[in-house]
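As recorded in Swiss-Prot:
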| type | residues | note |
| --- | --- | --- |
| DOMAIN | 13-249 | domain 'ABC transporter 1' |
| BINDING | Gly45, Glu46, Asn47, Gly48, Ala49, Gly50, Lys51, Ser52 | ATP binding site |
| DOMAIN | 254-503 | domain 'ABC transporter 2' |
Amino acid sequence: MTHPSDTGSAPVLALRDVSKSFGAVRALRDVSLELFPGEVHALAGENGAGKSTLIKTLAGVHRPDAGHVLLDGAPVVFHGPGDARDAGIAVIYQEPTLFPDLSIAENIFMGRQPRRALGRIDHKATHDATAALMLRLGVELDPDRPARGLSIADQQIVEIAKALSFDARVLIMDEPTAALTGSEVARLFGVVRTLRDQGAAVLFISHRLEEIFHICARVTTLRDGAWIASEPLEGMTEDDLVRRMVGRDLDELYPKQEVTPGERALSVRRLTREGVFTDVSFEVRRGEIVALAGLVGAGRTEVARAVFGVDRWDAGEVEVDGKPLVNGAPSTAMAAGLALVPEDRRAQGLVMDMSIERNIGLTGLRTTVKAGLVDRGAERSRSLDWAVKLQVKYARIADTVATLSGGNQQKVVLAKWLATGPKVLIVDEPTRGIDVGTKAEVHRLLSQLAADGVAVLMISSDLPEVLGMADRVLVMHEGRLTAEISRTDATEETVMAAATGRAAA
């Protein structure tokens with residue numbers, strides 16, 4: 001395949017030897033990047049590698065301390081995001097920010113609606129302009145439909161259409177697939193290819209390496225704020241890219257230790273919550289990692305929340321070590337030895353404006369409170385111990401957890417719950433949105449916990465993770481368990497057949 005530079009095409013947007021520091025922290029060090037028209041270019045690196053700073057530099061949020069941003073080959077200074085937008089640069093974030101009560105057309109042309117002669121908004125022209133954008137993207141979305149109720153995938157398409165309405169030539173897509181189903185990812189990739197074929201330059205950021213290899217032609221890799229390489233993906237393997245990202249050969253990504261399951265630790269029998277899930281039964285034994293697989297909306301997270309007592313169930317029973325749990329009582333579940341690492345770590349697993357040590361210490365307040373006051377020394381000692389065990393990277397343990405990368409935030413959530421000494425650990429999407437190096441660390445941790453006798457129930461939408469880490473795979477479809485598959489029989493085909501309702505339990 002001919003690269004644009006081989007035909008004399010110049011990069012539409014580039015960085016040359018850009019550096020950026022925040023206090024004593026050097027976020028970018030002599031980083032260079034070239035984005036060409038008609039190409040999808042990946043930006044790869046672990047959390048903390050400098051990807052976010054690079055994106056914000058291209059988008060006009062940050063100004064480089066050294067080096068240059070080049071637009072059509074000429075140095076340019078963006079004084080803010082508005083300058084970058086006017087230059088044709090748009091960022092599509094993983095969580096769109098639309099006004100829910102406005103229509104798709106109103107969201108796209110907010111403050112810029114076509115006007116009639118007397119200054120009144122020309123709704124037909126706004127509708128027609130939006131319809132033309134959707135036609136250009138090859139999607140069918142009603143311009144008059146309210147944004148409320150749109151899927152994340154459709155919201156992202158609206159954001160892309162909005163970017164095109166500003167005549168964007170460069171689209172920066174930051175983890176756009178993190179919350180999408182497989183079919184939604186395929187649809188989004190169709191839109192990306194359309195943009196590419198129409199001459200747009202696309203910078204694509206994803207922790208899912210298979211997506212990078214599927215949609216991108218070239219990749220720039222960052223490590224610890226430094227530029228490592230910019231190169232074609234053709235001829236590379238995922239292992240090659242991982243080595244560039246982490247600077248070493250990564251140990252096995254799925255280091256599952258073989259164990260002999262012990263006694264039954266968790267038993268769920270005929271659990272039902274009307275309209276959500278029905279007649280769900282399974283068990284997890286000590287030393288096992290049992291995966292709960294299925295499509296988004298199948299009811300997996302809802303089952304986990306009910307088991308832990310966050311939500312009440314209407315029928316059925318849950319037992320830990322043969323003793324029944326009280327319906328809808330998380331404190332009782334904790335006391336029985338259950339721990340739940342939730343899917344949304346920022347909203348449900350952490351208090352973002354609280355320190356790292358306080359977040360880790362939240363589950364141990366009963367053991368660190370003396371005479372009605374928290375023993376800060378005991379709390380800090382306990383938190384430091386777990387932060388070291390899980391290799392959390394931070395400047396000071398008193399810093400807010402919001403200052404950490406996504407992978408280190410996930411380690412804090414894990415530390416908080418492991419500090420309770422759980423018999424049963426439920427982890428919901430444990431590696432979503434974290435880099436490949438941290439993902440391997442989380443997998444090693446789960447494997448070691450199972451080897452130590454903890455019963456692990458792992459909810460995951462990452463099929464390679466399910467196949468690589470689970471002793472057994474339970475599959476849900478539309479609120480029901482449709483299959484239980486052994487490790488030896490589990491394949492992408494058997495799991496997906498059950499997840500889509502094509503296999504019977």
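Along the chain as shown, residues are numbered 1 onward.
Backbone N, Cα and C define each Cβ position, glycine as well.
Positions of Swiss-Prot features highlighted on the structure.
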{"residue": "Gly45", "record": "ATP binding site", "Cβ contacts under 8 Å, 6 or more apart": "Lys51, Thr221, Leu222, Arg223, Met245, Asp435"}
{"residue": "Glu46", "record": "ATP binding site", "Cβ contacts under 8 Å, 6 or more apart": "Arg223, Met245, Val246, Gly407, Asp435, Val436, Gly437, Thr438"}
{"residue": "Asn47", "record": "ATP binding site", "Cβ contacts under 8 Å, 6 or more apart": "Ser405, Gly406, Gly407, Asn408, Ile434, Asp435, Thr438"}
{"residue": "Gly48", "record": "ATP binding site", "Cβ contacts under 8 Å, 6 or more apart": "Asp224, Lys393, Ser405, Gly407, Asn408"}
{"residue": "Ala49", "record": "ATP binding site", "Cβ contacts under 8 Å, 6 or more apart": "Leu222, Arg223, Asp224, Gly225, Met245, Asp435"}
{"residue": "Gly50", "record": "ATP binding site", "Cβ contacts under 8 Å, 6 or more apart": "Ala27, Leu28, Val31, Leu222, Asp224, Gly225, Ala226"}
{"residue": "Ser52", "record": "ATP binding site", "Cβ contacts under 8 Å, 6 or more apart": "Asp174"}
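In sequence order, Leu222, Gly225, Ser405, Asp435 are the same-chain residues whose CB sits within 8 A of the CB centroid of Gly45, Glu46, Asn47, Gly48, Ala49, Gly50, Lys51, Ser52, the residues recorded for ATP being left out. DSSP assigns Glu46 (ATP binding site) to coil in the three-state reduction, outside any helix or strand. In the shown protein chains, 23 other C-beta atoms lie within 10 A of the C-beta of Lys51 (ATP binding site).
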